[in-house]
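Per TrEMBL, domain 'Major facilitator superfamily (MFS) profile' is recorded for 88-514. The region 'Disordered' annotation in TrEMBL covers 1-35. Sequence annotations record features per position, and here TrEMBL assigns transmembrane segment to 133-155, 167-193, 224-244, 256-273, 336-353, 365-388, 400-417, 429-449, 461-483, 489-509.
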Amino acid sequence: MEPSDQESPKLMEASSNISSAAEKGEATRQQQQSNNNNRCALTVDEVIEEHIGALGFSQILHALLVSIAWTFDAQTTLVSIFSDAQPAARLVATGAIVEGSSLCGFSTQEWEWVGGKSDTIVAEWNLICQHKFLVALPSTLFFIGSLFGSGVYGYLADSWFGRKKTLFLSCLLTFVTALAISFSPNVWVYAFLRFANGFFRSGIGSCCIVLATEVVGKKWRGQVGQYGFFFFTLGFLSLPLMAYLERNSWRNLYRIISFLPLGYALLLLPFAYESPRWLLVKGRNKEAMVVLKKLARLNGKQLPADLSLVDPIPTRDDQTSSPESFWKTKWAVKRVLMVMMAGFGSGFVYYGIQLNAENLNFNLYLTVAVNALMEFPAVFIGSFLLGVMNRRPLFSNSSYLAGISCLLCAVLSLHRVTRAISVAKWLQLAVEAFGFMASSTAYDVLYVYCVELFPTNVRNFAVSLLRQAFMLGASAAPLLVALGRDNAMMSFLVFGVASVLSGVVSLWLRETRNAPLYETLTQQGKAEEMGNATEHS
């Protein structure tokens, strides 16, 4: 064999080794480059925790700015306590005060309304006797409107409009419908406009709490979520004062509260940020980075120049992949049904106790003011407990306390009890106020709990479904309150049982304290499956 023939295989082997080494070197360089890129690509949670700060000046300012809108949510929701109340009447001949149910035995010439015919809709349109159940119709339709509107706004906030634009739209349309209500010619137009007002204001609460909590670290989500309820309380507390000043005209009361959301939408809301999580999910990465950089700058920090965000939807450019469907994701559907069941009972009791204030033997302005004041300790206690307790037992125990308080109020409403105990009515007011504080805590905690139970791409929709459940429960409350005018014990009894049951339902929900906020259904489903497997192993 010739030398050239013997060397040829060796040369080929050497060439192969050199080529293989070159390929390995290239692969190593690509891997190192990929690792470097991965080190600079972070999730929104990681950017907030590592570079912006879990809670700083920028997040507090942003949360307060968006939470102010809860004030108008409270006013439009609870204004009917005064505008739809049954005023005092007196006999023309003697001046004696007559109860509403007793007026049916007199002709309209024999009695008159003490405050005139313009102080409430009951006085203006004589909604008594055979027409007394019409008083409950506007409030019921308001909450039914809120039920439908919550679903629509939830879809808009998660899809096309985003959180900020949806909030602006809701405030603007709340102004239009509230102002229109003040020109209602009869109870039927009034009821329809209350339905429209409920529909259009329903985007305020869900957008506010999501906007406020999506820019803070996981440790502070519960506390920041309570900011909105503080402003809701301010709105609630402002109502007795405004109603007293305009006690002779329910129409002027509506005109006053109508202009507040308009001023907010035009003067304050433009300074709030869109949610960077929503921007990222929609593929608007540059805009998400701009928001995060502004938050960091106000906190006195600066994001790394080479930082990028992890795309939560890696198959975004894959034409064969289908978008995630909420209703085809079994764990999400099961979870939201449980949340809605708990929300129905919670909303029924929370709004029911407030509306039922007229069935206590007390001055209406005083009773509402006491209930409003009890919201403050509920907010502060809720904020503290959210920082040290798990969400599930906090909600369920608050619901149990509210239910027990309502059952005690039912007992104290019995005539033989009021005759036997001289201070029974004061005791009933105290127990009712404590029960309202507990129901307020449960209501507030469930909002925060729902935010943490679902990922970014359906979070606003899930919170809107919870709000629908709240409103469905609230829509049943006015009917029970109307029944309570003749039987106060029955109304409190039903409220008590409903509150206890809502606490029981929540025991099947997952605990979320200190859990990360996920961006997509798939991401959260996989993470929770891994967590369950780790717990069982």
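Residue numbers in this text run from 1 along the chain shown.
Backbone N, Cα and C atoms are what each Cβ position is placed from, and that goes for glycine too.
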Overall pLDDT for the domain 'Major facilitator superfamily (MFS) profile' (88-514), taken as the rounded mean: 87
The transmembrane segment (336-353) and the transmembrane segment (224-244) contact flag, 3+ Cβ pairs under 8 angstroms: no
The transmembrane segment (167-193) vs the transmembrane segment (224-244): 3 or more CB pairs under 8 Å: no
